[in-house]
């Protein structure tokens, strides 16, 4: 079966975000550069709908994933005299996850079974790129495997490619894969945003975000009452009453009470979820002690957060210009509403200081300033 006859791979896997564009770059010049590596089914420079001025980023979509890989393997790219940053486009759903837009080389692999060894992980994940380190986590006291591992690659694109694919099977078992974000990476993300000048977002204008002036989903912050690791544990990473994907109904990700690795429910809690017996993702000191004992959210330093005044793609669809890379209703990624993404407290801040992951008091933001 020829390429043209084969069924198309999902669009999300064929799409690249291109950041750091010159304001002179047009759809045509972007296309003429990136079509060197394959057939483009879509190519757009995102523009302000009123002024028509470039926002400094765009998207290209190839006909096949193989062509996307070829383009990424050809980095660095220079378009109209400016070095640009291509990354695999993050879906609307995944853009809500903490650290979705961070560049990291390590993944967390959860839900792996007792009989899974290092070679099983290597056999599966080496298809995505060169592996540097594999760590299967064990209990310090008993030596028993804790049900999760970390895999470090030599290139962030390997991680980006892995996390946009929803399902992974290692040693015959389904597992959950996400970016591994250490405390240091979160701190450096926060400080790097502070150093990037001002109140704009990733290509945004006046307090606007990654794509404009509204928030990712108007109507309230993404994490509901308690927020991501919020001190009250009232809301989950996924809404006011839900935990992450339904894990841990009553608390946030590492929240004070129950929740995602909280005391009684959630991912890795004593009752149910990955990694049971209180050891799961973030529980009992695992995954870099993400919950930090509860009370601290996942955000940045005191007044500055990872998402600032606007949001990831707030103004409309990646494509008001004709595609679906757009907002969701009911929750903003980095919105200006009163409840920040990090709940009452922050990961590296005083408890309850009101600036969370993209919270309301931000003066800096995700890729703030004009653009990269």
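Each residue, glycine too, has its Cβ placed from N, Cα and C.
Check Swiss-Prot against the ranges 244-281, 320-357 and you find region 'Nuclear targeting sequence (M9)' recorded for 320-357. Among the candidates 197, 304, 364, the residue that Swiss-Prot annotates as phosphoserine is 364.
Taking 95, 192, 223, 289 one by one, Swiss-Prot attaches phosphoserine to 192.
Looking up 31, 140, 206 in Swiss-Prot, the residue bearing an annotation of asymmetric dimethylarginine is 206. Taking 54, 91, 284, 362 one by one, Swiss-Prot attaches phosphoserine to 362. If you compare 53, 92, 225 in Swiss-Prot, the omega-N-methylarginine annotation sits on 225. Here the recorded sites are 8, 78, 113, 179, 183, and the one ringed by the most other CB atoms within 10 angstroms is 179. Residue counts of the region 'Globular B domain' (95-185) by helix, strand and coil are 24 helix, 32 strand, 35 coil (DSSP-based). Confidence across the region 'Globular B domain' (95-185), taken as the mean pLDDT and rounded to a whole number, stands at 94. Looking at residue 8 (SUMO2 cross-link) and residue 179 (SUMO2 cross-link), their Cα atoms lie 27 Å from each other. Between the CA atoms of residue 179 (SUMO2 cross-link) and residue 113 (SUMO cross-link) there is a gap of 20 Å.
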